[in-house]
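A.B. asks: Feature annotation from TrEMBL assigns domain 'Nephrocystin 3-like N-terminal' to 176-331. Marked as repeat 'ANK' by TrEMBL: 617-649, 650-682, 683-715, 888-920, 921-953, 976-1016.
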Amino acid sequence: MAEVVGLVSGIASLVALAVKITGLSCSYIANTRSAHSTQKQYLREVNLLTEVLLRFEEVSQNLEKDNIAFNRPNDLFETVLAECAEKLEKLCSELQKPSPSIFWPIHERTLKKHVDDLHRFRGIFDSFLSAQSLTIATATHRNVARLASHQDQTDLLEWLGNPIETSKPVPSPLIDTGTWFLNSEAYKQWVDGSKPSLLWCHGPPGVGKSMLAAVAIQDLGARAGPVPVLHYFFDFGNRKEQTKETIWKDLLRQVIAKGNASTVQKLVNFRMELGLHRPASSKDLSDALKIACADQQFVLVLDGSDEMEIPRELKTILVPFANASLLITSRDTPEIRSTLSQATGMEVKADADDMRAYVASRLEEYDLDDSIKRHPELEKEILEKSQGIFLLVRLLVDQLVDLSTVKEMRKALQAFPTHLDEAFESSLQRINAQSQSHSALANRVMGWIVSAERKLQMPELAHGLATEEGFDVIDEENLVSSKTILKVCGGLVVLQGSAVSMVHIAVHTWLRNRYDDLYHKDLAESCLRYLTMTSFSNGPAQSLNEMDKRLSIFPFFSYAAQCWRRHLTKAKDARVVKSIGQLLADPGLRSAAFQGANYNSFKSPVIREAVLETMPQGHSALHIASYWNLTEMVGRLLLVGEEKNATDTQLWTPLHWACFAQSQEAVEILVSHGADANAKDSVGWTPLFWAVLNGDMRTVNYLLQHQARHTERDIHDWTPLRWAVTSLQIDIVKILLKHHGKLTSQSNDSLSIIKYLSLDQARAQFASYPQYSKLDMIDELEDTFADSDEYANEHDDLFPIFQETSLDIQRLWRSGRFDPPAGNPWRIRMKERLRRMKHDYHDYDESESESEMAKLWKSGMLQSAIRDGKLLSLRLLLEAGAEVNQEARQTPLHAATFKRDIRFAEMLIKHGAHIEAQNYDKLTPLQQAVMNGFVEVTRLLLSNGANANVVCMGDPTEVFMCLLNIGSKRSDPYAAAKTPLMLACGLSPHESDPDLPVRMVQLLLEYGADPNVEDRF
């Protein structure tokens, strides 16, 4: 590199001389009355040399910048640079001699010598530049490849969405600790691969399992030709957020960052197959990890899997890593032992040398190392008291740092307990011995941490603690600093990034049992005080920017709105009626709180704003009290004359909200006071619909017993029974059928079969709903009736169906006839959220996870969103992870071919829709679009690679019989065996578009349709 720097410096000085000579020469030539040929040749060589030197300088600097070695020709040595510099300096000196302007100062002979020298040097430097061409090209290619790889990584990371930090940071082991573990036979055999690739290191709390995991990560990374190491450290405080999806995303980000070029490219190809705009589903994440582990060797280190919310899910998390080497550290619990039954087990105990190093480190951290040096017996006593538990050492040192003399330390050591529970009690006593202000703050902080519904961020905690009784603003002077919070908690609370947590899961568990829900009331009251601040009296945010600003200025707002009711439910003394009454009495406060409770962050700001804008507003106090199941307040409000059937902007009554939120007690109070159980909202839903969708058996039974009509139909002509089928609520289906059987046995009246609606009947039905509900179904119905028979209403009466056949709901559900209709973005979001809850029915397929069931639900809604022309709803569902290629009777792309608006098909294709997928009639989307006569949709499919000569392969007769067996209703059952061009030739001219067949044929021919293909009939 020093050679490069020297060369660049030398070239720079030559360039400066050449430029100066060029200037002087041009000046002299210009002042000469007639320049002869030698002078012109000289001037040309000066200019060319200057140009070459400038290029030489640029190349040299670029090579230096990129740290690329020179590929120098043999005749280019330092002496050449020195000689060239000497010649140019001499020429420059001659040109600077005073001389009459009419005379050329250099004799022609001398001038020719200069021309020869300049030409020779130019040749040398030209040779250099030529020699660098391969070096530069190679380096450029390498840089381009590096940039392309970086772009691939960026694109893949964007596919995974915004990272959610749920893993604990990897701890930093002390130097030379953990060597006993690295030298153990179990570890060496695991690294060498001579034993099964799964090593399970288990031990009791506080013996340093997490530190050993960190030691292994360091060791594996330091080995020659290191295998990429992936890691995840479970955190009990984040247990509710640590789903398999968040864990897989975290690990996949590491794969993208550490994987080789081949692995990254395979992931890029996998993503392209899925569709560039499709969000990663649970199955996608698992498949991506399988692809990576199949292409490249990885090591996975998991720490603290016993801290998971559901430890048995570890088995599912490990599925994609069948080809990886696994190291897992945890406590020895039955769930973990069962999952890791095939692992090589190793019991972890603290090493004496590691303990001594840890003690010395902790004492040095608090400047107590000099005392230990003078009194080495103190270190021995600390080690004896710790009994091989690092957590005990930490707690003990935390006590010693507050003492002034060695004698006090000795007394403390003698009194310090030797069991963790006793040590925790001792630490708590020490905290309580502080000033009243500090001890109260410490207990409150720790009580909040162990009682919180999720891990609190430090700004949230500080704002929540700052609320005061009787004050409706946050006083900046009442905000506690993070330093004070950590100090008063005596080492039991730590800061991880911006989140606060207990120092160890053992401490968290002990304090949670100790406080015994003591702080839930305090949390509920603080949340309510926060929600009733005057800052929110103006009501809900009116725009996305306003909402984001609110969440930034008031960091505790989101937690307070979403979690106060849960804390109140868990509180032993839930008497906070005053604050609740204040919240409900103010229209602005209650509306803002409701918005905060239901606001969710989506990646797309367009969708976030759409959900925000379509969220219901105009709630009465009874609406909100019913939503939060505030039974005492519901009763009071009804007694003072609150309207029991009041409606909000989407015509929801208090009973709707109570059923939606599964507020069972509030439901019964409302109904007992005469609330209308059959009131319909803006889409025709009665409260029973929400109870059915929730699978709330108690509420469904109660409503049916109190005159709720189970045969009511919504604007999509769906009954509660149909919604029960589409949400796979088996027990609810049985309740409805049993109730129906009782009613029909008591009456001679039977339910008639619902006939197809005419367009006029559809208009009349939709006209009966309020204008501000913004129903746009009539236009879509016109499109449906005019262009296709696929969406003709086929709503058979489900009750006779179930009475006449076996109760095979799974078969009906998978038939595709129960795809749930799409509503506005807020309703879609609420339904999708409900579907994330696990179903409680007897034959629930455990192999299909909760998230997969939710994905199937969302995917079913895609068909309805397309049918109803709801483009924004389609986008929301795709972002929420709906399967774009879900196959029932047809894929969503087939459904989009029934829409003239090409944006539906375009969005599906961007999200990875399969162009050549076949529907139940064996037709591809292209064939379907041609048959529908939609030229622009056809053009879109062709431009995205659809085969212009596609036909259903196989014997035509066999195809025909297959279609008959699956119940095809096509007038032309042989359509799938015809090319798009054949189908286009069979189109009939429309009155409004007589040239349609011709234009369709021309389009297909443009994209390579073969006019000579013969049919096979």
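Placed from the backbone N, Cα and C atoms, the Cβ positions cover glycine too.
Any idea what these are sitting next to in the structure?
C.D. replies: Residues in the repeat 'ANK' (617-649) partition by DSSP class (helix H, G, I; strand E, B; coil) as 16 helix, 0 strand, 17 coil.
Taking Cβ pairs closer than 8 Å, the repeat 'ANK' (650-682) reaches residues 616, 619-620, 622-631, 634-635, 638, 644, 688, 690-691, 694, 696, 698-699, 702-703, 706-709, 712, 714, 769-770, 773, 775, 830 in its own chain, all 6 or more past its ends.
The average per-residue pLDDT of the prediction over the repeat 'ANK' (683-715) is 92, rounded to a whole number.
According to DSSP, the repeat 'ANK' (921-953) comprises 17 helix, 0 strand, 16 coil.
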A.B. asks: Tell me the residue counts in helix, strand and coil for the repeat 'ANK' (650-682), as DSSP assigns them.
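C.D. replies: Breakdown, helix to coil: 16 helix, 0 strand, 17 coil.
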